[in-house]
Structures are given as structure tokens and as C-alpha cells.
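Inspection log for the structure reproduced underneath, given as C-alpha cells.
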């Protein structure tokens with residue numbers, strides 16, 4: 001392949017090829033290859049999903065009421081979001097309406113997931129792209145304390161506290177057993193934080209690790225466990241009993257108090273640790289505004305958190321829904337997941353086969369026949385790939401398009417969509433505007449790696465607020481005597497139509513998520529998922545259009561060609577989830593060679 | 001942060017006296033006699049942390065997520081003080097060849113002295129290329145990394161049994177670790193995911209006692225997987241009394257009655273959920289109103305709907321374990337429920353008469 005232009009990017013794969021495989025600190029397995037020009041600027045990017053599990057064929061013939069448990073196992077990081085999408089799809093197909101309390105409890109669980117997922121992403125998957133752990137050893141604990149106290153009222157901020165952390169870190173580094181920090185890119189010039197900010201961030205890395213396990217207890221209370229809480233078609237499985245005999249075996253006042261206390265602690269941690277850290281780190285990197293990719297052009301969001309039970313229209317959704325194309329920010333297009341012209345998946349560069357690969361297929365008509373072939377310019381062999389040939393098929397991820405456009409999904413899409421609709425989403429608008437002011441950057445700065453990372457944090461601040469509001473709504477219902485949590489009118493398959501199909505959607509933490517289900521004779525006949533990392537991480541399509549990951553790496557200078565710090569930083573800003581993106585599988589793809597057991 | 005095990009214990013409030021007592025108990029339980037206690041104490045005070053290489057195959061990362069939920073010990077203490085988590089692609093700072101270099105380094109430097117923890121499993125179809133790492137099939141990386149390991153931990157239902165991607169028709173031929181790796185001690189820690197404190201409990205047991213825990217015939221630690229959910233369920237009283245939830249959100253559900261008729265798989269599932277509970281003991285599936293789906297059992301995805309009533313209940317009684325159940329002949333389906341109910345009634349009658357409640361067990365196995 002030679003040089004060509006697409007979506008405003010000039011792709012040129014003639015320079016030095018750099019391969020990063022595995023891309024770590026993500027969910028699942030991913031590879032990326034880039035070409036650097038003589039100035040170490042990325043001029044070509046190739047993103048590859050390197051795993052594939054085949055859940056959709058496994059679902060065929062199953063009881064649709066069980067589907068949530070299967071698809072929940074698509075991902076244990078965004079745990080629950082696929083399950084929620086699934087019960088919504090089945091309820092849509094069977095016209096099941098859920099009680100208000102069930103809607104609120106589902107919202108609480110989904111919001112809780114956002115808060116947990118975003119926090120863990122920021123501190124444990126993403127922070128090390130911005131924070132140099134080893135540099136923290138050079139920090140002055142007293143100055144660190146001054147810094148921490150200048151940005152937040154969080155009580156763990158004394159000089160002695162930071163000195164203790166630093167001493168532990170020192171002993172750790174001196175031991176020579178660096179564990180997860182081994183072979184990191186410490187000292188790379190792309191790290192910009194002063195030692196004090198690094199030390200503060202290391203302290204919060206550890207605090208967040210302790211705290212995240214508290215957040216998920218909301219899932220445990222309503223769903224019995226986390227990861228992978230339990231869900232129910234028609235409502236939620238937990239019954240409410242406030243004062244009768246046996247209330248101890250149901251959601252009662254003690255349980256509700258526990259939920260409330262966790263919500264309050266989440267608010268505290270997000271407001272006093274996460275957001276101040278985000279803005280502090282952002283202030284040192286605001287000159288590094290690479291990584292925008294297609295975000296300034298095409299954004300997509302399905303919306304989520306229905307404030308009115310069973311109403312999934314824009315009137316009800318507390319997270320915005322819509323599509324922006326060609327950078328026209330003044331026009332938000334409506335999105336219809338049933339329209340065969342809108343969401344389509346392409347496989348010209350994916351390891352699948354279509355009868356006609358110049359055409360895309362809507363998920364209701366989805367075909368997924370595996371076809372693991374490598375192009376003629378591949379270096380290495382079929383089972384020992386050195387360099388991929390992006391002129392041919394090169395990923396286990398399909399390339400979804402909205403009306404033919406590659407789209408970016410995720411927190412940035414949602415926050416931009418909310419920011420642009422201040423009347424409908426005043427809180428989102430306020431949060432975004434506040435951050436832009438605080439960092440003293442223009443709106444355009446949002447369309448960058450840093451903007452994506454900031455949007456995730458701002459969204460978390462919005463979610464803790466929504467979590468409190470939804471909890472208050474639940475309490476109001478309970479005060480009014482409404483204890484219902486499940487609608488069982490259509491629980492028995494005998495009550496179902498012979499054939500039905502439905503769509504369920506959520507906004508997963510990583511972006512727009514849709515499930516399409518067809519039910520025949522009480523069994524699943526077809527099940528298709530199009531997930532956020534399919535949108536963001538997908539390969540080129542038949543026209544050569546690149547996906548959001550690939551676009552985001554373009555034209556970024558790299559400080560050291562052999563240390564992929566900037567590449568990781570930008571990819572991580574999407575919070576990639578590869579197990580999600582690459583689970584699709586056809587019923588017909590059984591003729592495959594296999595390796596011998598043992 | 002590179003404290004020795006002893007320092008960690010001290011920091012967690014364990015006194016020197018308790019520590020030494022612990023060492024002498026350990027020595028005795030290992031059959032070494034009390035003379036060995038000082039040697040154990042010395043080792044725990046000084047030995048470097050054991051390297052752990054945590055690999056990921058086809059999986060969903062729920063095991064890693066569960067692991068970091070551990071309340072005791074805290075994950076940060078496990079990862080930074082008790083062991084050396086030298087490779088874990090979910091958490092590690094490095095990527096690409098800098099990450100892969102660590103595997104070679106640890107293999108050489110700690111030959112025979114590191115633990116491999118596997119989350120997920122290798123697919124064998126398509127020459128193993130349904131899971132590609134470093135351009136090569138994951139199964140090769142797994143084999144190479146395990147070759148010089150001291151022991152292997154198979155985290156979760158994926159590594160232990162295959163889990164969801166191995167559900168029928170298992171399109172990628174996802175295969176449990178113990179069917180690919182032989183000649184090494186392998187500890188299966190099933191569940192989707194396993195309970196956090198079970199995971200850290202297994203690891204710290206191995207580090208503390210320097211041996212693998214006692215395993216059952218399926219390779220599971222007996223200490224956590226020796227009893228069924230049903231045996232220890234706090235709703236068992238309702239089962240015995242014949243008080244059941246009959247529909248979602250009905251009177252029985254609100255009163256916390258037994259979920260057996262809603263499809264609960266507690267009677268056939270070996271796990272610690274009903275004793276240890278989840279997320280620091282906050283709740284567990286049955287307590288939150290949904291029956292157990294049996295996620296720590298081999299092939300649980302292919303045993304009918306999660307809402308189908310369990311119809312092959314055989315033996316009951318707290319002292320029956322997986323081995324004795326396994327040895328029991330396949331029971332008659334359907335009739336077994338009636339038998340179980342009858343046996344429970346019988347047990348109640350005998351208890352009234354002052355007999356042991358365990359009388360029910362042998363009766364149930366007929």
C-alpha cells in the first residue's frame with residue numbers, strides 16, 4: 001500500500017514500522033502497528049483486535065431470559081452493562097414493561113458501574129501514561145502536601161502522609177522487585193509532571209485501589225455480587241420489604257442506608273480526589289493536545305439512564321443521544337437502531353467473510369463467518385506475525401459505520417452532545433464549561449487525548465449527582481407505598497408471540513452499546529451485539545476509512561521510537577475493551593484447523 | 001513497599017509473639033516439629049517475594065476485577081508486599097516487547113520458583129489464533145511460561161472448566177488449562193468470577209505455608225469448595241419448612257423464602273458464597289433475591305435454563321463433599337426432588353426425636 005488520504009488524514013506506511021503487542025492496561029487483547037516518519041511522527045496506524053470468543057452463536061437456541069447472564073460475560077470490567085442491554089432487548093421484543101422501582105434500581109447499578117469503571121480506568125489503567133512513578137521519589141513531601149491542599153480539602157494530605165508513601169515506594173524500588181512497574185517508561189521525556197504531582201498521584205493510585213472495592217457494593221446489594229451481578233427480564237431480582245416479617249431477607253432500611261452511604265462516599269471521592277487530580281494533571285499537559293482523531297468530526301451516542309420507566313426516547317434519557325457528523329456541531333441527528341440504513345457493519349479488513357464485502361449489514365441481518373487470512377505483505381507466518389498487512393484483512397473486529405461514517409463513541413461523545421444542548425443538559429454543560437475555564441483552554445481542546453480523559457472524569461462527576469437523585473426517587477416511591485420490582489405477566493414463554501425481535505441499548509462506560517435479538521418459538525434465533533470498542537477500535541472499511549483508534553494516533557510525535565508511551569496514552573484514553581469488541585461468531589464457521597491438545 | 005511477609009503482618013497489627021506462635025503452628029502442621037519454627041520464622045522475615053506471572057487468555061477480566069475487590073488482605077498489600085506481580089497485562093506499566101521481556105527474565109531468574117496465574121483459557125481452533133499475543137497463539141505463550149513454574153493457579157471458570165466461550169458449541173475450542181498443561185501442580189479456583197477473598201486466600205495460603213492447598217478430585221481447594229451453597233444457605237430453614245418463593249416479587253420473595261423453585265442451583269453448586277458472601281460480606285446472590293446460577297460448576301452454561309428447577313438432587317447433608325457426590329451413582333431425575341423433600345421431613349422428624357440431623361444424608365443417596 002502506498003500513501004492515500006481519508007477523512008482528512010494522510011496515511012503513509014513507508015516509514016519505520018513500530019509494533020506494540022500486547023497493548024497492556026486494557027481489557028482483552030490488542031495490537032497496534034504504526035509507521036514513523038524521519039521526525040518520529042506517526043504517519044500510519046493499524047489497530048488490531050486479537051481475540052475472539054463467539055458468544056452470539058452460543059446464544060442461539062437458548063432461553064432469552066437467560067441471555068443476560070451469557071452476554072454479561074462478554075466483559076467483566078464493564079460488568080452488568082451487557083446484561084442490562086440484553087434484558088432491555090428481550091423486553092423490547094416481548095413488549096414487557098418494567099416497574100418504576102426496577103428502572104431506578106437498574107439506573108443506580110448502571111451509574112454505579114460508570115463511577116467504578118471510570119475511576120479504576122483513570123487511576124489504574126491510564127494514570128501511568130501521565131504519571132512517572134519513579135520521579136515521585138524525588139518529591140518533597142512538604143511541597144506535595146502544599147500542592148494537595150491547594151487543590152482539594154481531602155483530609156489525607158499531610159506532609160507525614162506523603163512521606164510515608166514515599167518511604168514505602170523507596171523501599172519497593174530499592175528491592176529491585178518492581179512488580180507491575182517493571183520495565184515501565186520511567187524518565188521518558190513525554191512525562192511532564194513535577195515530582196510532587198507524581199507523588200500525589202501515586203498516593204491516590206493506592207487510595208483509589210482501596211476505595212474502588214467499596215463502590216461496587218451497590219451492585220452486591222441489588223444484584224448479589226460484583227463482578228457479574230444478577231439481573232432479571234421484567235424487572236430486578238431483589239424484592240423490597242420495608243417492615244414486614246422477613247424484611248431482613250429483602251431490600252430493607254439497613255440495605256438502603258448502606259446504598260446511601262456508598263453513594264455519599266462516591267460523591268466525596270470523586271469531588272475531592274478524582275476531579276482535582278484530573279484538573280491538576282491536565283494543567284501540566286494542556287499543551288499536549290494530540291490524539292483527537294475523528295472526534296472533532298463524527299460522534300455517536302445512544303443515550304442512557306431513562307428517567308421515566310419504559311421510555312427510551314430523548315425526553316427521558318439523562319445521558320444524551322444523537323449523532324454529529326462532519327464536524328457540524330450545530331446539528332445533532334436522531335439515531336434509530338432499527339433503521340437498516342443507519343448502523344451497519346463492514347468486514348473488508350476484518351477476519352470475516354460477507355457475500356459482498358463492499359456492502360455493510362445491519363445487525364438484524366448480520367452475518368459473521370470467520371475468515372482468518374493474512375495479506376501478501378504480511379511479515380512472518382500465520383502463527384508468528386511480525387508485521388500485519390493492513391491492505392488486507394487484519395483484525396477480529398468488524399468496522400461499524402453510522403450512515404457510512406466512522407464514529408467515535410464514549411464519554412467524549414456524550415459530554416460534547418450534552419455540552420451542545422445546555423437547556424436539556426445544564427449540568428453537563430456547566431461541568432464542561434467549568435473545566436475549560438479552569439484549564440484556560442478553548443472548546444477545541446476537548447477533541448484530544450486529554451479531552452477524552454477529561455470528559456470521562458466530568459461524566460463521573462455528573463454520574464455521582466445522578467446517583468443521588470435516582471436514590472431519592474426510589475425513596476419517594478417507597479414512601480408512596482410502591483414496592484414493586486418485577487412484572488411477571490410475560491414471564492412464562494407460553495405468553496410470548498411465535499416470533500419477535502427487539503433492540504436494547506445502553507451507554508456502556510466506553511460508549512454506545514446495542515444488542516439486537518430475534519426470538520422464534522420461545523428461543524433465541526439470532527443475537528447480535530455492536531459494542532463501543534467495535535466502533536472505536538474497528539479497522540479500515542471497504543473505502544479505506546480508518547477507525548477512531550487509528551485516526552487518534554495519526555500525526556502524533558513520539559519522543560522515543562522504542563518506547564510507545566504516547567501511543568499507549570492515546571489508546572488508553574478510549575479505555576479499550578477488546579473482549580467486548582471481538583466476541584461475534586457465526587454458526588457456519590466450524591471448518592477450522594486446530595492445534596493438538598498437549 | 002518491599003516489605004517481607006513478616007513486616008506486612010506486623011503492619012497489620014499482628015504482634016511478634018503471635019507471629020512466632022503462627023510459625024510454630026505452621027511447623028507442626030507441616031509435620032516438621034517445633035524445632036523447625038525458627039527456620040520458618042527466619043524465612044518469612046527475609047525471603048524475597050515470590051514472582052507471579054498472571055496470563056490472560058480468552059476471558060472477560062472478571063477474575064482480575066474480583067481479585068482487586070479483596071478486603072482482607074487488601075489488594076495493594078498482596079500486589080506490593082506479599083508477592084511480586086511481575087507480569088499482568090491488565091495492570092502492568094509496560095507494553096509490547098518491554099512487557100514480553102519480563103516473562104523471559106523471570107523464567108530465567110526464578111526457574112522453578114515462580115507461580116503462573118491464568119485467567120481465561122486458550123482456544124485451540126484456527127491454530128490457536130483466536131487469541132493472538134505478540135503475533136503468536138496464546139496457547140504457546142501459556143506453555144512456555146508454565147514450563148518452569150512452581151505451580152499454576154487456574155483462576156475462574158474459564159481456566160478451570162472453559163466457561164462461557166466453551167459453552168455449546170464451543171466455536172473456538174476454548175480449552176481449560178489443565179487439558180493443555182501437564183506435569184505441574186494446577187489449582188482450579190472456579191467461579192465466574194471466584195470470590196475475591198477466596199482468590200487472595202488461595203494465593204496467601206500458598207505463600208504462607210509454601211505448599212498448595214489440599215485439593216478435591218476436580219483440583220479445587222477443599223477449604224473453599226468442599227460444601228454446597230445449599231448446605232450453608234441462610235434460607236435453608238425455609239427450604240426445610242417448605243416455604244418457597246413461587247414468582248418474582250411475590251410474598252415469598254419479599255419474605256426471603258427459599259429460591260429453589262425459582263431455579264436456584266445452590267443444591268448442586270460447590271462454592272463458599274453462602275458462608276463467605278461477596279464484596280466484604282455485604283451480600284451474595286441468594287440474599288439479593290436471585291437463585292444461584294451455579295457459576296463455579298463445570299459446564300454450568302449447558303445445564304438448562306437458570307430458572308429451571310434442579311431435578312437431580314441426590315445427597316444432602318453438610319458433610320457430603322464433591323467426591324462422595326461424584327462417586328454416587330446417577331440418581332433418578334425428578335423422583336429425587338420428592339425423595340429430597342421426604343428425606344428432609346424425615347430428618348426433621350428424627351431431629352425432634354433427638355437423632356442426628358445427618359441421618360438425612362444416606363437416605364438421600366438411594
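From the backbone N, Cα and C atoms, a Cβ is placed for every residue, glycine too.
Automatic prediction, not curation, is the source of TrEMBL annotations.
What TrEMBL annotates here:
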type    : residues                   : note
BINDING : B:60, B:63, B:158, B:192   : [4Fe-4S] cluster 1 binding site
BINDING : B:230, B:233, B:258, B:264 : [4Fe-4S] cluster 2 binding site
BINDING : B:273, B:292, B:295        : [3Fe-4S] cluster binding site
DOMAIN  : B:60-205                   : domain 'NADH:ubiquinone oxidoreductase-like 20kDa subunit'
DOMAIN  : B:225-306                  : domain 'Cytochrome-c3 hydrogenase C-terminal'
SIGNAL  : B:1-43                     : signal peptide
Stretch-averaged pLDDT - the domain 'Cytochrome-c3 hydrogenase C-terminal' (B:225-306): 97
Candidate binding-site residues B:63, B:192, B:233, B:264, pick with smallest Cα gap to residue B:292 ([3Fe-4S] cluster binding site): B:264
Closest of B:60, B:192, B:233, B:264 to residue B:273 ([3Fe-4S] cluster binding site), Cα positions, binding-site residues only: B:233
Residue B:295 ([3Fe-4S] cluster binding site) versus binding-site residues B:60, B:192, B:233, B:258, B:264 - nearest by Cα: B:192
Helix, strand or coil at residue B:258 ([4Fe-4S] cluster 2 binding site) [DSSP, three-state]: strand
Cβ-Cβ neighbours of residue B:292 ([3Fe-4S] cluster binding site) (radius 10 Å): 30
Number of Cβ atoms other than its own within 10 Å, given for residue B:60 ([4Fe-4S] cluster 1 binding site): 36
Residues from the binding-site residues B:158, B:230, B:233, B:258, B:264, B:292 that lie close to chain A, Cβ under 8 Å, in sequence order: none
Reduced DSSP assignment, residue B:230 ([4Fe-4S] cluster 2 binding site): helix
Rounded Cα-Cα span from residue B:230 ([4Fe-4S] cluster 2 binding site) to residue B:158 ([4Fe-4S] cluster 1 binding site), Å: 24
Additional residues around [4Fe-4S] cluster 2, ordered along the sequence, whose Cβ is within 8 Å of the centroid of B:230, B:233, B:258, B:264: B:229, B:235, B:236, B:239, B:259, B:260, B:266, B:267, B:286, B:291, B:292
Binding-site residues listed as B:63, B:192, B:233, B:264, least Cβ neighbours within 10 Å: B:233
